[in-house]
C-alpha cells in the first residue's frame with residue numbers, strides 16, 4: 001500500500017496528466033484535491049487526445065475510482081459536459097468510477113460574471129485569470145456564503161443562498177462594473193437540474209478514503225496548476241486562488257497528513273508560464289518560439305500561448321523544499337531535441353548575493369538575474385527510447401546535471417506525449 005501525491009514543480013502545465021495516467025495503472029483511487037476547471041490535463045492514449053478539466057485523469061482506466069475532493073471548486077455544467085463527452089467516447093461515468101465530495105464548493109454564474117468584470121476593469125494590470133469564476137468561488141467559501149455540492153439537492157437552501165448572494169453580486173455588477181444583473185429564479189432551476197444529474201455521484205469522500213486506507217489500497221492524489229501558483233507560497237499576486245502545494249492534499253481530500261507516504265514533483269525539461277508574473281529564464285527569441293511550437297505550449301483550458309524559457313533549478317529546488325519532494329518526474333524532454341546549446345539556471349544574482357531559492361517578495365524576484373550553466377544539445381530522436389542508458393550521451397548529461405542540482409532522484413523521464421513514450425526508472429507503488 002502507498003499513498004502518493006503528484007504536484008507540479010513550476011508554474012503549472014508540467015505534464016502532470018500524463019504522469020498520473022501512467023501511475024494510475026497501479027493505483028486504486030485517483031483524487032483531485034484543489035483547483036477547478038481553470039486547469040486542463042491533456043493525455044494522448046492510442047493516438048487519441050483527451051483533455052480533462054475536472055474529472056481526474058485516471059478515469060481512462062477501468063476498475064479505478066476517481067474522486068473530486070472537498071478542496072476542488074466545481075462548475076457543474078462543465079463537469080456534466082465532460083461526463084457526457086466521456087460517455088460518447090465509450091467511457092460511462094457512474095459512482096463505480098467517480099465520486100464527488102458533498103462538501104466541494106460550486107462555481108455559480110455570478111462567480112464567472114464577477115471574475116470577468118474585475119479582470120476587464122484592471123486593464124493592463126490584470127493578473128491573467130481564466131475567467132472561469134475560480135477565485136470568486138473561493139472568496140465565497142472563505143466568506144462562509146458559498147454553495148456546496150450537497151446544497152444542489154436542497155431547493156430551499158439553494159434558493160436562499162442564491163437570492164442572498166445575488167443581492168450583493170448584482171449590486172456590484174450593475175452599480176460598480178456596469179454589467180447586467182443575473183436572474184435568481186432561472187439560476188435556481190438550472191442548478192437544481194445539475195444537482196439531480198450529479199446526485200448519484202455525491203458522497204463523503206473523506207470517509208471513502210479512510211475505508212480505502214484500512215483496506216490497504218493505493219491512492220494517488222492529483223494536484224492541479226503548479227507549486228509557484230500557490231496562493232501562499234507562489235509569486236503573489238500572480239497566483240491561483242488555492243493552495244497547490246502537497247500539504248493541501250490532506251486538507252483538500254479529507255485524509256490525515258500522516259497517511260501520505262510519498263510526494264513526487266513533475267518537472268518540465270524547460271520552463272513555461274501562462275499570464276503575468278516574473279519569469280527570470282524567459283526566452284523572447286527564436287528558441288522560445290521553437291519550444292512553444294514543438295511543445296504545443298498553448299493552454300488546454302484557454303488556448304493562450306504559454307511563455308517559454310530555460311529550465312530554472314531555483315524554481316525547482318524551491319518546489320522541492322516546499323513540498324518535501326522525494327522524486328522527480330521529467331516531462332517533454334523530446335521538445336529540446338535539435339537545440340544546439342541548452343542552458344539551466346543554477347542560481348540567481350540578487351545585487352551582491354547569489355541565491356539558490358526563490359525570494360518570497362515579488363519585487364526582490366523581479367530584481368534577480370539568472371545565472372546559467374550551458375550544456376551541449378542532441379540531434380537524435382529520443383521518442384522510441386525506453387531505457388535511460390540508451391539515451392544520447394548529451395541527453396544523459398543534461399538529466400544527470402538536473403538530478404545532481406536537485407538532490408532528488410529522477411523516477412520518470414517522458415520522451416513524447418503518448419503514454420508509452422516514457423522511461424520509468426522507478427514506480428512509486
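Glycine is no exception: its Cβ is also placed from the backbone N, Cα and C atoms.
When the candidates 129, 130, 287 are compared with the IMP site entry in Swiss-Prot, which names 13, 14, 15, 16, 38, 39, 40, 41, 144, 225, 240, 304, the shared residue is 130.
Annotation note: residue 333 (GTP binding site) sits in a helical segment as assigned by DSSP.
The binding-site residues recorded for this entry are 38, 40, 302, 303, 305, and the Cα of 40 lies nearest to that of residue 18 (GTP binding site). Residue 41 (active site, proton donor) is 13 Å away from residue 303 (substrate binding site) when you measure Cα to Cα.
When the recorded positions 38, 41, 304, 305, 306 are screened for a C-alpha within 10 angstroms of the C-alpha of residue 15 (GTP binding site), the residues that qualify, in sequence order, are 41. Only 225, from the binding-site residues 225, 302, 304, place their Cα within 10 Å of the Cα belonging to residue 12 (GTP binding site).
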